[in-house]
Structures are given as C-alpha cells and as structure tokens.
Amino acid sequence: MREKVVSLAQDLIRRPSISPNDEGCQQIIAERLEKLGFQIEWMPFNDTLNLWAKHGTSEPVIAFAGHTDVVPTGDENQWSSPPFSAEIIDGMLYGRGAADMKGSLAAMIVAAEEYVKANPNHKGTIALLITSDEEAAAKDGTIRVVETLMARDEKITYCMVGEPSSAKNLGDVVKNGRRGSITGNLYIKGIQGHVAYPHLAENPIHKAAPFLQELTTYQWDKGNEFFPPTSLQIANIHAGTGSNNVIPAELYIQFNLRYCTEVTDEIIKQKVAEMLEKHNLKYRIEWNLSGKPFLTKPGKLLDSITSAIEETIGITPKAETGGGTSDGRFIALMGAEVVEFGPLNSTIHKVNECVSIEDLGKCGEIYHKMLVNLLDS
C-alpha cells in the first residue's frame, strides 16, 4: 500500500495548488474513484472547487474529509528541493502540502480504493469530501458542501479528517474535538488633539487601559475534562497618526478567543459588551465567528481509529482537542462523529515541509483498518 500512497501523494504535491486553487488535484482523484464506481459530484462555489464522491447508498455513511489547497511556499531558495517537485530524500517526501495534507489525502483515497476493490458490495456508504478552500478564507469550501448536503437531508455518520494530528510519533495523538474561535474587532472613539492640551482632547488609549486590563485577566471558565480553559489573546493594536504630538482619535484593538464548551459565542459577546459599558467607552465592535467548538465523545468512531492505530503501530493514541480550527467544525454541524488523524505536524507550513514515506504507508493501513472496524463488525 505504501508505494500507491506515496505515488499519489507525489502526483498531488507536484500541482502548485495555492489556496483556493486546486490545479487539477481533484480531477486526478475523481478519475481514480470513478473507475471503482464512485458517484462523482462537483460543487464549485466562486473560486473554490469541491468534490463529493460516494460509493454505496445505505447507512452508516463514513466520510473522509480533506483539502487539496496549500499555503504559499515562502522563499523557495530556502528549500532543500523545489517545493513542488515532491522529491524523496532519506525516506522523507518533501514538498508543500506533504504533511498538510496531500500525504494523508492520498492515504485516505488509497485506503478507500483498496476497501472497495475487496468489498464491492459493502454495507453502508464510503464518501470523500474534498475542498480547495481550507487554508485561506474557508468560506466556499467544506461549509458550502455541508450546507448543500443538509438541504438535501443527506447524512454523514462518521467522518475522518486527515489533518496532521500526530505530535512526536505517528499515531500518538488523534483529535476528537476543537475549540471554538471568535475574533473581536474593536474601535474605541476618542477626540483628536494636541498632546500639550490634553484637556481639549480625549485619549482613547488612556480611556481603554482599564478595560484592557480587565479583558485580558478575566477568567472565562476553568475548562473541563475534554478542553483546556478558554483563552484570549490580543492580536493587533493600532492608534495615532505616527506623530508624537497628536492625541489619536481612535484606538483599534483586535482580539481572539479560543473557547471551550463551557461558554458560547453569545456569552462572550455579552460579557465583552458589559465590560465596555462598565468602563464608559464609546465604541464600535465587529465580531467574526470562525467556528463553534465541537466534541466527539468516546464511541464507535473513536474506538475504531484507536483500535486501527493499536493494531498497525502498537501504540494507543491520546485524544486531544487543542490546536487551531479545522474543517471538522463544519462537518460536526451535521451531527456526525468527527475525528482527525494524520501524520506528524512538526513541519507544516514551514520551509522543507516533509513527511516520512513509511508513515504515509502506515496512515493508509490505519484508514483501511478503520473502515474494516466500522463496516465489517
């Protein structure tokens, strides 16, 4: 299986699919799946290409989810080999997207192919949801496919997202949930004036200082058995004209919360508004909710992937919910059990992104055994 996975991964990496461009990756995948009897449905939205492919018509519906888009390479001169050449050096496959996530995407596809070849009349449905809009805006990708499927009352029972979840060794971590993410863009009004005449102006930085102290020290919750406590970080602050003798007219503050299931986005918005009113600030705030938290509790999917990893590698993975957001947050809206598993994430988005070809082969075996555990038991 390893040779098949690596070969497909190389084919995908050689296509420079900087988000939201697909560069023909999904066409390669669709042609392979169509030969095995998968129903292929294209779902393009604006500049994003999405693929929904499925084999079978009954439940349970087991979906593999992934993305063909990648982040920019950075300075290509710093790479040890061209980032889209997909070279193998000392057992490592190099290239942008090798770990995030064309390698695991290839492993999922080969696993599905091998299972269908051996079980053409399998029970349930095997599906693949693939997008070219995960790394950037994430507006016309998985979320639009999910909305389309929900409008048609289509179900996903279990979903494996191939994000690189492993930390130090393949299979040491699977993600069974993610924190929510919400960003506040806050504008605090002042009155511009000369710094020598502060009584004729109103400095929004000075006015906001007590509020910022409260905002950054407030304990939102204590977390729970599945999630760490909610955290807030200020990402950007800007005020002033650049001159040292002008009191600014406005202060801009951008902050982000990664929040757990102990709070909601509405609770966060309400509490921030209460703080702003308490400190008597003139303000305008715009909120951007990137995703709500989701959690897959121990059950059939988590048991199946855990067992597959144990059988293949001999280690028991730890289920975690840390890290950033993923497209799993959208699929969870369908009521599906969602788990993420993939190769090591130590080089993702970096120069010389790479993945072990041995690990890619093991990923394929693990995904295949997961299918066996879910459909043959």
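The backbone N, Cα and C atoms fix where each Cβ goes, and this holds for glycine too.
What Swiss-Prot says about this protein:
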type	residues	note
ACT_SITE	D69	active site
ACT_SITE	E134	active site, proton acceptor
BINDING	H67, D100, E163	Zn(2+) 1 binding site
BINDING	D100, E135, H349	Zn(2+) 2 binding site
Tell me the Cα distance separating D69 (active site) from E135 (Zn(2+) 2 binding site), rounded to the nearest angstrom.
7
Within 8 Å of the Cβ centroid of the Zn(2+) 1 site residues H67, D100, E163, which other residues of the same chain have their Cβ?
G66, M101, S104, L105, E134, E135, V161, G162, P164, S326, G342, I348
Around the residue listed as 'active site, proton acceptor', how many other C-beta atoms are within 10 angstroms of its C-beta?
28
Rank the binding-site residues D100, E135, E163 by the number of other Cβ atoms within 10 Å of each Cβ, and give the residue at the low end.
E135
I need the most crowded of these binding-site residues: H67, H349. Count other C-beta atoms within 10 angstroms of each C-beta and give me the top one.
H67
To test your reading of the Zn(2+) 2 site: which residues beyond D100, E135, H349, same chain only, put their Cβ within 8 Å of the Cβ centroid of those residues?
V70, V71, G97, M101, I348
Give the distance between the Cα atoms of D100 (Zn(2+) 1 binding site) and D69 (active site), rounded to the nearest whole Å.
9
Looking at Cβ-Cβ distances, which residues of the chain lie under 8 angstroms from the residue listed as 'active site' while being 6 or more apart from it?
S17, I18, S19, P20, N21, D22, T131, S132, D133, E134, E135, A136
What is the interatomic distance between the Cα atoms of H67 (Zn(2+) 1 binding site) and H349 (Zn(2+) 2 binding site), given in whole Å?
14
Please report the distance from the Cα of E163 (Zn(2+) 1 binding site) to the Cα of H349 (Zn(2+) 2 binding site), rounded to the nearest angstrom.
13
Conformational class of H67 (Zn(2+) 1 binding site) under the three-state DSSP mapping:
strand
